[in-house]
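Features as listed in Swiss-Prot:
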- 165-243: domain 'Toprim' (DOMAIN)
- Glu171, Asp216: Mg(2+) 1 binding site (BINDING)
- Asp216, Asp218: Mg(2+) 2 binding site (BINDING)
Amino acid sequence: MKYDIKLRFEVEGIVEKTDVIGAIFGQTENLFGDEFDLRELQDKGRLGRIIVEIRTKGGKSEGEIIIPSNLDRIETALIAAMVESVDKVGPYNSKFELIEIEDIRAEKLKKIIERAKGILSSWSKEKSLDIKEVINEISSAVKVGEITEYGPERLPAGPDVDKDPNLIIVEGRADVINLLRYGYKNVIAVEGATSRIPETVVSLSKMKKTVIAFLDGDHGGDLILKELLSNNVKIDFVARAPVGREVEELTGKEIAKALSNMMPLTQYLKKIQEAEQAIAKNVIAKEEKPIQLEATQQLVQITLPQNVLEEIKKLPGTLEGVLYDNNWNLIEKVQVRDIIPKLEAYEDNKVAYIVFDGVITQRLLDLASQKNIKMIIGARIGGINKRPQNVDILTFTDIISS
């Protein structure tokens with residue numbers, strides 16, 4: 001069928017469906033000859049079965065009619081007008097009125113188009129092959145076995161830190177794991193040292209032909225380099241992750257690019273000094289009003305359940321996170337890379353606390369504020385320009401050392 005003729009009707013009395021159908025056939029018969037006789041058209045398959053829905057209300061009958069039509073547009077319009085001319089059903093006066101003529105093919109086409117859009121959308125959302133994830137999965141079986149603990153401080157390190165003439169120094173265990181994943185085995189971590197670099201790193205650096213400090217692309221990386229130099233660690237070259245990125249999250253290509261762009265220490269320090277001088281001159285040249293700086297660190301007092309404390313001790317180096325509800329009940333364990341999409345999928349107020357082995361970033365803080373998350377506990381705090389008032393943040397060091 002091409003069209004559905006839809007009409008509504010009212011009858012000044014109580015009638016049955018058969019009465020309505022009989023009135024339609026009877027009062028349209030021979031109006032335009034046999035060619036437009038409804039029974040003949042039904043027999044030839046040009047019209048479908050008449051569908052009647054009827055209701056009684058206050059001694060009257062009302063309802064809707066659908067007449068499927070396989071005629072052309074002009075003939076279908078004529079049939080609709082013929083049915084509208086029916087003014088009696090049985091002994092009662094009646095009124096038939098056209099609601100619409102629905103183009104079934106157009107509606108079917110709309111449904112097909114909408115379905116095609118849905119198929120395309122779900123197809124686009126399907127996980128495409130991510131080479132990094134493939135490498136991660138393949139290497140996960142060996143990465144834990146390859147990582148070693150070096151020196152009396154039990155520092156995370158690759159298996160070749162002793163025998164390789166070159167050494168890569170990174171900040172934390174997660175950085176070591178990521179470099180091992182891509183085949184860099186001459187790597188050792190200072191474990192986020194901010195005041196005293198382990199003596200093992202100092203002595204090991206002096207035994208190596210070339211030492212590379214490979215650090216995060218944020219202020220934290222600047223601080224680690226400063227501590228390395230102030231503790232007399234031998235540094236020959238400096239490599240940095242892209243601005244705002246962490247070594248632990250880089251792909252193999254990004255690691256290779258960062259290391260290929262490393263600079264000799266003297267050249268790097270000169271570049272930094274020139275940049276600082278340029279900034280200083282620019283600031284002096286401008287007359288600016290004093291700016292009131294907000295305190296960036298707030299005192300957070302909270303009692304953590306024992307099971308959460310135990311979980312925090314296990315997380316470093318796993319690149320995993322845990323989501324808790326308002327009562328510190330476990331909601332889900334996730335990979336660090338999946339935390340933001342997971343949070344976006346949850347309803348507001350569902351997650352109250354996040355504990356994860358990763359960097360607390362501005363993007364994560366903004367999303368947490370939007371989702372009414374109370375607290376984030378992470379491995380480190382990245383470059384944060386604006387701290388939401390409704391989200392407390394702590395690091396593993398804050399928890400474990402307290």
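Note: Cβ is positioned from N, Cα and C throughout, glycine not excepted.
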Quiz item: Cα-Cα separation of Glu171 (Mg(2+) 1 binding site) and Asp218 (Mg(2+) 2 binding site), in Å?
Solution: 12
Quiz item: What is the number of residues in the domain 'Toprim' (165-243) that are helix, strand and coil, as DSSP sees it?
Solution: 29 helix, 18 strand, 32 coil
Practice problem: If we count other C-beta atoms within 10 Å, could you say which of the binding-site residues Asp216, Asp218 has the fewest? | Solution: Asp218
Practice problem: Starting from the Cβ of Glu171 (Mg(2+) 1 binding site), draw a 10 Å sphere and report how many other Cβ atoms land inside it. | Solution: 25
